[in-house]
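Q: Pasting a structure below so you can have a look.
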Amino acid sequence: MFARLPLYLRLVRMDKPIGSLLLLWPTLNALWIASDGHPTWPLLVIFTVGTVLMRSAGCAINDYADRDFDRYVKRTENRPITSGKIKAWEAVALAAALSLLAFLLILPLNTLTKELSVAALFVAGSYPFTKRFFAIPQAYLGIAFGFGIPMAFAAIQGHVPLLAWVMLLANVFWSVAYDTEYAMVDRDDDIKIGIRTSALTFGRFDVAAIMICYAATLGIYVGIGVLLGFGVLYWLGWAAAAGCAIYHYTLIRNRERMACFAAFRHNNWLGGALFVGIAAHYAAGSF
């Protein structure tokens, strides 16, 4: 069992934390806004650890679902299931165990949060299969990656206000932007194997679509900032995030594979900038 631990860690991408961070930033935004800048330490631990666990479970399910496709994609041909180092049933069992651990974490929270977690599990588990049917599965991914937002509001406020759903919508636009950059890396392979992605759906308008999605994300956060009366520290964070989006354009405009992948990874800084702006605003108001 312990000898196989490195394989399991590779399966759930513990060596690639970018995915967990892309889930974590929107969740932290929600925790700070829902609590007026004062989330409790237990909630921070529950949602942070839960985010890592569910992202890991999602990776295991994704590799299970894509096991017959990954062998034809250069970037994924050596993944543990595809290479035969881990059996398919092991990935399913690991995903189930991680999901159970994540659910156990939220047992102290209210009923609404638990109910939302069931919906979150369904969306996360079904996402990998949407690549067979949906023209833009990245939008579905945005819902999966953003479910921590309504759950955070439910845990703190006991209900899910309209603001939470607006923040989730912003996350959908952001996910379409960064995961289209990711899909541009595999475009040629995806055409061969018949996987549907936003990069293929947008075609020659892929770069324009990405920038429109960034603009929509940032535009929604302008509305949030105005609605909540955020101060200059928030807007500095917002400006840094906008600068990241502009930088991404310089990376993706020529559609070079590694540059597109670099843009995808750089979204950690965009998400982090928005969170720092939100947290700084509330912190400044505490003094």
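Cβ atoms here come from the backbone N, Cα and C positions, even for glycine.
Remember, predicted model here, so these are calculated numbers, not experimental data.
According to Swiss-Prot, the record shows the following:
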| type | residues | note |
| --- | --- | --- |
| TRANSMEM | 30-50 | transmembrane segment |
| TRANSMEM | 89-109 | transmembrane segment |
| TRANSMEM | 133-153 | transmembrane segment |
| TRANSMEM | 158-178 | transmembrane segment |
| TRANSMEM | 199-221 | transmembrane segment |
| TRANSMEM | 267-287 | transmembrane segment |
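Can you tell me where each of these features sits in this structure?
A: A Cβ distance under 8 Å defines the sequence-distant neighbours of the transmembrane segment (30-50), meaning residues of its chain 6+ beyond its ends; these are 24, 102, 105-106, 108-109, 148-153, 155-157, 163-164, 167, 224, 228, 275, 278-279, 281-283, 285-286.
Sequence-distant neighbours of the transmembrane segment (89-109) (same chain, 6+ residues past either end, Cβ-Cβ under 8 Å): 8, 11-12, 42, 46, 49-50, 53-54, 56-58, 60-61, 63-64, 80-81, 117, 121, 125, 151, 154-155.
Packing against the transmembrane segment (133-153) from elsewhere in the chain are residues 22-24, 26-27, 29-31, 34, 43, 47, 50-51, 58, 106, 113, 116-117, 119-120, 123-124, 126-127, 159-161, 163-165, 167-168, 171-176, 179-180, 183, 196-198, 201: each is 6 or more residues past its ends and has a CB under 8 Å from a CB in it.
Outside the transmembrane segment (158-178) by six or more residues, the chain places 22, 26, 29-30, 33-34, 110, 112, 116, 136, 138-139, 141-143, 145-147, 149-150, 152, 198, 209-211, 213-214, 216-217, 220-221, 223-224, 227, 245, 248, 263-264, 267, 270-271 with a CB less than 8 A from a CB of the stretch.
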Q: Apart from its near flanks, which chain residues at least 6 from the ends of the transmembrane segment (267-287) lie with a Cβ under 8 angstroms of it?
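A: Hits for the transmembrane segment (267-287): 18, 21-22, 25-26, 28-29, 32-33, 36-38, 174, 177-178, 181, 221, 230-231, 233-238, 240-241, 244-245, 248.
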